[in-house]
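Working notes, beginning with the structure itself.
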Ligand code: SAH
Ligand code: SF4
Ligand code: F3S
């Protein structure tokens with residue numbers, strides 16, 4: 001009998017990947033994804049703990065789920081299993097269980113391969129258990145997940161590394177995801193091949209610290225990320241490769257050379273800097289300073305002159321002075337980013353920075369975030385405007401909002417819309433001349449017949 005599974009994903013791309021894999025684990029038990037919690041047999045909230053707002057969202061959503069659960073169970077027979085997964089589960093699992101009696105199951109990012117067993121326990125007619133599993137188990141999750149991955153979009157995520165040993169003083173990730181772990185190289189190659197066979201043309205390799213990757217090679221020895229990229233590049237039908245999130249400390253020569261040598265490696269890199277002041281970077285325990293970041297960017301651009309950057313910024317870190325903030329602004333002006341995420345510092349329980357003195361008052365954070373976001377938006381728009389008249393290869397991935405419109409991604413991750421192409425152009429990489437530049441997207445027109453077409457059986461319906 002099929003059962004309805006509703007999964008809601010918060011937070012980063014790793015959670016998007018995990019949610020997909022949870023569905024892979026539950027599919028053999030008859031659970032089919034649905035896009036509404038009402039009436040579902042199982043609801044999983046795959047949560048994020050990175051900032052206070054993200055974590056709070058879960059509790060407000062649980063309020064809504066409670067109503068659905070009550071409605072479904074009103075007749076006394078139908079159950080709705082409510083599960084909280086992900087980083088809030090890992091960080092606050094026990095408290096969550098106490099506060100929310102209707103939550104049946106809490107499990108962290110490292111234990112979802114055990115879902116079949118958990119579901120069986122939760123479904124028991126008599127003595128139904130409430131389950132909490134927030135271990136960091138000795139067995140590797142990846143070894144116990146189904147070997148087969150389900151079909152993904154034309155652009156897919158592939159987790160290659162998980163966890164973090166860096167311990168930036170503001171960040172919960174090392175506590176919620178655990179120590180760094182890299183998957184063996186051949187497991188990744190196999191997963192990539194499967195995705196490509198099922199229609200994927202672009203793969204984004206994921207890791208909390210993706211360029212710290214050091215997985216076992218097939219014949220002993222270790223593969224770096226640079227080596228892995230070279231191997232993946234050999235896969236026919238895989239046309240575009242990206243990776244995220246990288247740490248400036250782990251950009252090595254091998255990776256820089258990959259950007260020089262591999263045409264499939266897209267010329268766009270998300271390289272979080274967080275701040276431009278050395279004093280703040282040190283207090284953040286970032287293990288890099290402004291000068292080393294600039295040096296890495298220079299090397300990368302020497303290797304790949306086309307390369308464009310995006311980044312993450314935190315404003316209002318404890319002790320950040322006006323001068324420190326101006327250093328960050330100057331860094332942005334000097335380097336220029338075509339896209340960025342910026343956040344007000346959010347104190348997180350258990351992290352060293354949350355106990356630091358000199359927390360920055362909220363109004364100061366607000367003023368700084370507005371200023372940096374204005375500057376970053378300006379740089380993004382300027383980059384987009386400079387694309388006018390250029391020709392770009394765009395991987396068409398989905399329908400746009402307007403009738404007859406398709407939307408894809410440029411090499412620089414900009415969404416690009418185009419009208420007048422047939423439905424069959426979805427999944428193809430087409431060459432477009434850019435005719436419109438908006439703050440967050442581009443518009444284009446076809447210049448040539450579609451390039452690098454695939455035969456029809458590789459298409460995703
Ligand atoms: N692994 C990635 C980042 C993961 S978190 C890396 O090392 O770059 C994504 C972003 O959230 C971070 O880059 C940081 O800018 C932001 N962030 C993390 N903790 C935060 C906090 N306590 N307050 C505000 N922003 C935070
Ligand atoms: Fe968090 Fe720092 Fe690790 Fe990134 S490198 S996940 S910001 S501790
Ligand atoms: Fe959030 Fe966990 Fe990702 S805290 S950003 S879901 S690693």
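Backbone N, Cα and C define each Cβ position, glycine as well.
In TrEMBL, annotation is done automatically, which means it is predicted and not curated.
Lifted from TrEMBL, the feature list:
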type	residues	note
DOMAIN	3-124	domain 'MTTase N-terminal'
BINDING	12, 48, 87	[4Fe-4S] cluster 1 binding site
DOMAIN	150-382	domain 'Radical SAM core'
BINDING	164, 168, 171	[4Fe-4S] cluster 2 binding site
DOMAIN	385-448	domain 'TRAM'
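Features as recorded by TrEMBL, highlighted on the structure.
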residue: 12; record: [4Fe-4S] cluster 1 binding site; DSSP (3 states): coil
residue: 48; record: [4Fe-4S] cluster 1 binding site; DSSP (3 states): coil
residue: 87; record: [4Fe-4S] cluster 1 binding site; DSSP (3 states): helix
residue: 164; record: [4Fe-4S] cluster 2 binding site; DSSP (3 states): coil
residue: 171; record: [4Fe-4S] cluster 2 binding site; DSSP (3 states): coil
Contacting binding-site residues, sequence order - 12, 48, 164, 168, 171 vs ligand 3, Cβ under 6 Å: 12, 48
[4Fe-4S] cluster 2 site shell beyond 164, 168, 171, criterion: Cβ within 8 Å of Cβ centroid: 166, 167, 170, 172, 173, 174, 208
Length of the line joining the Cα atoms of residue 87 ([4Fe-4S] cluster 1 binding site) and residue 171 ([4Fe-4S] cluster 2 binding site), in Å: 12
DSSP helix/strand/coil residue counts for the domain 'MTTase N-terminal' (3-124): 65 helix, 24 strand, 33 coil
Candidate with the highest Cβ count within 10 Å, taken from the binding-site residues 48, 87, 164, 168: 87
Residue 48 ([4Fe-4S] cluster 1 binding site) versus residue 164 ([4Fe-4S] cluster 2 binding site) - Cα distance in angstrom: 16
Rounded Cα-Cα span from residue 171 ([4Fe-4S] cluster 2 binding site) to residue 12 ([4Fe-4S] cluster 1 binding site), Å: 14
Other CB atoms within 10 A, centred on residue 12 ([4Fe-4S] cluster 1 binding site): 19
Rounded inter-Cα distance in Å - residue 168 ([4Fe-4S] cluster 2 binding site), residue 48 ([4Fe-4S] cluster 1 binding site): 17
Segment-level pLDDT (mean, integer) for the domain 'TRAM' (385-448): 96
In sequence order, those binding-site residues of 12, 48, 87, 164 whose CB lies under 6 Å from ligand 2: 164
Residue 171 ([4Fe-4S] cluster 2 binding site) and residue 48 ([4Fe-4S] cluster 1 binding site), Cα-Cα, nearest whole angstrom: 12
Near-site residues: [4Fe-4S] cluster 1, ref 12, 48, 87, CB cutoff 8 A to centroid: 10, 11, 14, 15, 47, 49, 50, 54, 86, 173, 176
Cβ-Cβ distance under 8 Å to residue 171 ([4Fe-4S] cluster 2 binding site), same chain, at least six residues away: 50, 164, 348, 351
Binding-site residues whose CB lies under 6 angstroms from ligand 1, from 48, 87, 168: none
Residues of the domain 'TRAM' (385-448) by DSSP state, where helix covers H, G and I: 5 helix, 33 strand, 26 coil
